[in-house]
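The region 'Disordered' feature in Swiss-Prot is assigned to 79-108, 207-245, 599-662. For 80-98, 652-662, the entry in Swiss-Prot reads compositional bias 'Polar residues'. Residues annotated as domain 'PDEase' in Swiss-Prot: 248-577. Taken from Swiss-Prot, the feature 3',5'-cyclic AMP binding site applies to HIS324, ASN325, SER326, LEU327, HIS328, ASP365, ASP482, GLN533. If you look up Swiss-Prot, you'll see HIS328, HIS364, ASP365, ASP482 marked as divalent metal cation 1 binding site. According to Swiss-Prot, the site 'Binds AMP, but not cAMP' annotation covers ASN485. What Swiss-Prot lists as compositional bias 'Acidic residues' is 599-616. Residues annotated as compositional bias 'Low complexity' in Swiss-Prot: 617-634. The compositional bias 'Gly residues' annotation in Swiss-Prot covers 635-646.
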Amino acid sequence: MLNKNSASSQSLPRVHSFFNMIPSIMQDDLALTILNDRDNMFSIKSQRSHGEDLIVTPFAQILASLRSVRNNLLSLTNVPASNKSRRPNQSSSASRSGNPPGAPLSQGEEAYTRLATDTIEELDWCLDQLETIQTHRSVSDMASLKFKRMLNKELSHFSESSRSGNQISEYICSTFLDKQQEFDLPSLRVEDNPELVAANAAAGQQSAGQYARSRSPRGPPMSQISGVKRPLSHTNSFTGERLPTFGVETPRENELGTLLGELDTWGIQIFSIGEFSVNRPLTCVAYTIFQSRELLTSLMIPPKTFLNFMSTLEDHYVKDNPFHNSLHAADVTQSTNVLLNTPALEGVFTPLEVGGALFAACIHDVDHPGLTNQFLVNSSSELALMYNDESVLENHHLAVAFKLLQNQGCDIFCNMQKKQRQTLRKMVIDIVLSTDMSKHMSLLADLKTMVETKKVAGSGVLLLDNYTDRIQVLENLVHCADLSNPTKPLPLYKRWVALLMEEFFLQGDKERESGMDISPMCDRHNATIEKSQVGFIDYIVHPLWETWADLVHPDAQDILDTLEENRDYYQSMIPPSPPPSGVDENPQEDRIRFQVTLEESDQENLAELEEGDESGGESTTTGTTGTTAASALSGAGGGGGGGGGMAPRTGGCQNQPQHGGM
């Protein structure tokens, strides 16, 4: 899809994507069907892409309909087609009559009347959609709202299946939706009930709000950036003429060199690199990549300065974190490097853009505390106050990284012109902020809209001739790298899952000790790891990688194949549900209400997009455990682990136990 026309081939597998959870229709059936179902997908055949393609984003659907209307008018009016501004017609735009695009019809024929009626209905649908578009919202917002509705519907069904399904649904909702949600609470929270507060006080317990006010340690003044160590280490570490071959001093240089020779390979043995580099994986991986790409030369970065900065940066990753440490940063950086090498992207990005993407991957989790954004917000942390609860960790990572550049001997961009430096800084900020997992749906919607619009337009080529389009691809590229663990060889994937779950459990332990509500997937006594991985792949990872694979087709097919094999493994490892135990004296005791309620602004926009849908524009779905799951995917849930850096962020829906805690 980028700067080249790919040959026709088989469609990419869409086995587990939530895009497939609704029926698909051929574009030439649109006029009769789409008026009754706003969630339907278009299926078009493109000679310029790869077989049959599903169109799900609203803007691309409108564009496809208008192209169909145009072709129908050519058939109805016998007006010669003008080639001044239109690309050649695609076979996907054939009319319902079965005639090729532009084939003349005679008045009075049944096919003529049917085609005229279909054309009017299709044009009316397009007008309805265009009339409801708000001028202050982008076309990508239309897709994002639609995807949220699809995801909410599926999570509601899944939450009905079991307590674990409810917990997993809550995790996905709270992690991957970027809007703060309003909650319909079935009962008072502990800290809102005076009697419960008094009882807990007598027992020596505290609510989350009380704990935050009385126990939160005072951080540094907000005029300073917390987490920056003083004095900074490694300022003058490399004073000699000879620099280490791979950027780090290690007695196992030969073994390390062998592994680093595979940096362009997907699924490198990153854990061995961490061992052979004496726990300096980020420094050696970044140094080797920048050397091999000749970025030190093209960006005029002194090698000694680069190593000073990278060593200082790596020191500011928290080594005690099981997951969010410098090894994870090295893994994301190496994955970003491989994705930048994909043939479809050859020659697309400048050295400044490539260097910016790799730099963003290096710094994207620096000084991560091993806690989620939502934990920092709930505990009224200094960081949450500083960044107004918005992308708290991501803003902090950026602030720390750019502050480290100001340290003497660490400014790797010192030789850049002011304009270049400003451009790179803007790129890095945009990319790192996009690693906030609550932005996932917006990123996916943007990418899907871009890909499908080009498919419908018939070009099959993305020019990427402006900053918005170029940074959008780079943001999604690094986002894919950050969510790449489920696409790696199974032994690596399983190891990452174990590390991430341990970090989640450590947060859950803190929450339990502090009297706070335990976050979804953070209770080590109530974990559903295998099931969560299946759902995480089905609802989050596969849709993202599927769309990326469409963009760079066919370069990511092997990655998709591995992803599906890993999904099947975890599906096979889900333990059977325990048999029902005796008679439940109080069947309501264990029932948990799951509810997804969108913001008022999102409700209004969804209502506009869904007018005429059988749901009547409602944006709230409710279910309870103990009923049969209506999900189209067997065993699908969500969230869990193994998706590099995926941690619950701001916003989302909550499970509210009707009787006590989770």
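Yeah, the Cβs are placed from backbone N, Cα and C, and that goes for glycine too.
This view paints the features noted in Swiss-Prot onto the structure.
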residue: ASN325; record: 3',5'-cyclic AMP binding site; Cβ contacts under 8 Å, 6 or more apart: TYR317, VAL318, LYS319, HIS368
residue: SER326; record: 3',5'-cyclic AMP binding site; Cβ contacts under 8 Å, 6 or more apart: ASN279, ARG280, PRO281, LEU282, GLU314, TYR317, LYS319
residue: LEU327; record: 3',5'-cyclic AMP binding site; Cβ contacts under 8 Å, 6 or more apart: ILE270, PHE271, GLY274, PRO281, LEU282
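Distance noted between the C-alpha atoms of ASP365 (3',5'-cyclic AMP binding site) and ASN485 (site 'Binds AMP, but not cAMP') is 16 Å. Here the Cα atom of HIS324 (3',5'-cyclic AMP binding site) is found 10 Å from that of HIS364 (divalent metal cation 1 binding site). In this structure the residues listed as binding 3',5'-cyclic AMP are HIS324, ASN325, SER326, LEU327, HIS328, ASP365, ASP482, GLN533; their two most distant Cα atoms lie 23 Å apart. Taking every protein chain shown into account, ASP365, ASP482 are the binding-site residues, and of these the Cβ with the most other Cβ atoms within 10 Å belongs to ASP365. Its Cβ taken as reference, HIS364 (divalent metal cation 1 binding site) is surrounded by 30 other Cβ atoms within 10 Å in the chains shown.
For the domain 'PDEase' (248-577), the predicted model reports an average pLDDT of 96.
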